[in-house]
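Novice: Questions regarding the structure given below will be posed in turn.
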Amino acid sequence: AMGGNNTQPKFILLGITDTPWAQAPLFGLFLLIYIITLAGNVGLMVLVWVAPSLHTPMYFFLTHFSLADVCYSTVISPKMLTDLLSGSKTISWAGCVTQFHLFALFVTAECHLLAAMAYDRHVAICHPLLYVTVVSPRACWLLVAWSYLVASLSALVYTSCTFGGSFCGRHQVDHFFCDASPVLRLVCSDTRGSEAAVFALATANGLGTSVVILLSYGRILHAILGMRSAPSRARAFRTCASHLVSVSVFYGTLFFMYLQPASRHGSRDKVASVFYTVVSPMLNPFIYSLRNKEVKAALGKCGRRM
């Protein structure tokens, strides 16, 4: 079925904008965001690694979440940055497939890691006495392994559906990275089956994990409102509020992108994509950690040790 790929194995990424004067400022902005993303996420991973006080399930999940953030922003940002600077925006067939596959893998992993984190908070707040036994180190590793396993299998399906047809005619991908809907638009064979499969699996992953998150936070809110002491109510609320902000940004843009019919996709997609591919990975370390007394204390300790 991959007959069309051999004749013209290159794609052209049209990028975020074709306005010449906007390229340099966008390059500066996205380079800054990418540097902050790497510094924030890698910094958080190192901090959790060296600070014994952060060797808890919540931070264990957070390091994997940061790792996924680093990976998928690296799958997208460097290519986008070089495209903003250079005139040629081509990407090879293999490069396009690899970029989409890794992107799909890490984004799907993040959905499942967010669900694991919500479950972790739910057990911590609603069943504190059972916490140590329920969220054991083994359970943590199993949840992370499950996240990567589901993500790997999902990514295989997404990639084979997206790139399985025959490509003919123009190879211009109207986007700044190889994503499913702009690539599927270039397929000249019938893509309804592929689109339906991608849509169904994206829905299963997105809705499945968001249901776990909503149920967890529903139970957490119920527990918080039932707490007697105001300070512990406020503390529990703060932790959950920061998680929910991150979840809302991530899922809001993902659902906008992937849970709409192919015919509805347009230029607004690029703006939504910038949010979860570029902005969201930068914000996560700040949302999750800087509001936390534990992280601030660990940072202070590390600073004093140095």
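Using N, Cα and C of the backbone, Cβ positions are placed for all residues, glycine too.
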Novice: TrEMBL lists transmembrane segment for one of the ranges 164-187, 236-259; which is that range?
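Specialist: Here TrEMBL associates transmembrane segment with the stretch 236-259.
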Novice: Is the number of Cβ-Cβ pairs under 8 Å between the transmembrane segment (271-290) and the transmembrane segment (196-215) three or more, considering only pairs separated by 6 or more positions?
Specialist: no
